[in-house]
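The domain 'MACPF' annotation in Swiss-Prot covers 74-264. The N-linked glycosylation site annotation in Swiss-Prot covers 168, 337, 456, 562, 609, 641. Taken from Swiss-Prot, the feature signal peptide applies to 1-33.
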């Protein structure tokens, strides 16, 4: 393409050489840009992947080739020459004077031969293949001279490390390359000689020297003295215009369509755009015209290289000093689960930094892989055969924790297996078992070992609280029988007990002492005021080796004839003492608690048996039963089926005689159980003076068993009563501080036991 400067250009000489004005195929991209207003740019990406001046430029091609070869860094030093802009004077004169373009006769003849309705193939053969798709409007002359050094930093660093042990003179560092690049324009020959020597001796760098521009750079001292130059280098800044503007109106649209089909489809199909998507409608001879096989193959090769790099990164991490040092510091005297390894991991700052470095490298690698995969899918979406894409999975910290376990426990006889914490076993290569090492014992809480045995790491040496060592394993401790301390059960079955209670059999009667200052048995008394009575056993004085269980209560109450009085009973039970303040109230007829059963006796007087049956369901400890008797007056209500009760003092006529009442007898039904206070005191002494650690734990377990069984017999309520403290205070005569100390020791020991739930109790005894 021949050009003159604007001052001395001749139009005739430019038009005579019109073939030089129409550019070749690599300038087609601006023709596509001319119709970009009606089509989106993104659908063209797959068509423009390997065409156009940018992708065909030498600098871009060199960069892509070096990147595929593994060179990660580029250093470039360059200098530019003066820039001059030249214009197409023929087009400029047409725009200014409005005169027609003096086109070459051959060009006119080819247009006439096309006719009014040419096919796309005719336009391609007669115009596009001869004259191209664009002509040049303007260009910038000049050029640059540059030196480019591509560097593989990994190979360079390894070479530098290896050279440190040999000679310092042969080492190549980034600083050396910087100095050589800076001296290129000062002493070009010696610099290139040194760089080429390094390139031959090492594969860590690639050196490229370029001198671009239509002037041949330093061949011209002054552009004013140049008569004409040839503009044909794709590196220059050029302004193009589509050839269709030179054609008649009836040919312009068909020319654009033919040009797009020629450039985008290589004349193998017709270029079509629809619904923001463009593709080639392939001809019968080229069914794969939409499938850029070379690009797809290059991307598949890139993915393979990424997989190899991924393996290299992981291998470098395992071979790093930080990884090896971390493995050496891991304790070997007990089994390490993933949680323990993770805790040790967080304590090693050097290992953490090395893993973060691996993570960052992997993120960059996978981002690159995802971009390639996305582009690969876009390129192959119209291929008949889809590419096979296989990428390795990202290795999370969980993978590395399991990997570390595999190095510890599945790395015998030169074979590395895979460890599973769930099954506590190894999976060895080729289904062998020779890679499995002896697993040390598991140290932890509950049934895990406290320490491993020093002579055999696979077995427990000591156990946690509440567990005992048995054949190298820790098993839950079971409290020994507490029957020789205190009894809880009777030999009678439930049905037998129920029958004896119904019959008020004297064989289950507990003989208690009746005490009352308000009345006497078998004596009539005025029931207008509340009467208090109690039945007590005085076990500390008479029956110190027994505790007692109440199953029922029976009273025989008689009234004078025609009396309208109704007895009302309130019962309080003290489990191990005698005072009323440490007694609990029986919730008679509340919720599911039993009610009094009244049975009339065949006697001349109004006598009734009042019986309260607790049975095995509601049985509880008792030492003293407090009974409070008061009376109420029964009267008919407004309706005949209703009864109204009055307090005696509320009656209209206080002077009226309401009758008398007497209690013939009171019986307590239940049974007595064995109780050894001295043995329990000895058990408590072991908390302060244990013979061995095992004896103290055994004593605590037995006391816990006694405490829970005693408190389980507390009366119904939202919270259990603390009957065990009452037992310690009244039957063992312990001080309040001693009781608090024992309860605290039991609570602390119970918290260490497995699968135990402590419960809150209500204080009963002070």
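Numbering starts at 1 and runs along the chain as it is shown here.
Heads up, the Cβ atoms here are built off N, Cα and C, so glycines get one too.
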Alpha-carbon distance [residue 456 (N-linked glycosylation site); residue 562 (N-linked glycosylation site)] in Å:
90
By a 10 A CB contact count over all chains shown, which of the glycosylation sites listed here is most packed: 337, 456?
337
Need the DSSP three-state call for residue 562 (N-linked glycosylation site) to compare against my parser.
coil
Give me the count of other Cβ atoms within 10 A of the Cβ belonging to residue 562 (N-linked glycosylation site).
7
Measure the Cβ-based neighbour count of residue 609 (N-linked glycosylation site), defined as the other Cβ atoms within 10 Å of its Cβ.
18
Please report the distance from the Cα of residue 337 (N-linked glycosylation site) to the Cα of residue 609 (N-linked glycosylation site), rounded to the nearest angstrom.
70
Distance check, please: Cα of residue 456 (N-linked glycosylation site) against Cα of residue 609 (N-linked glycosylation site), rounded to an integer number of angstrom.
73
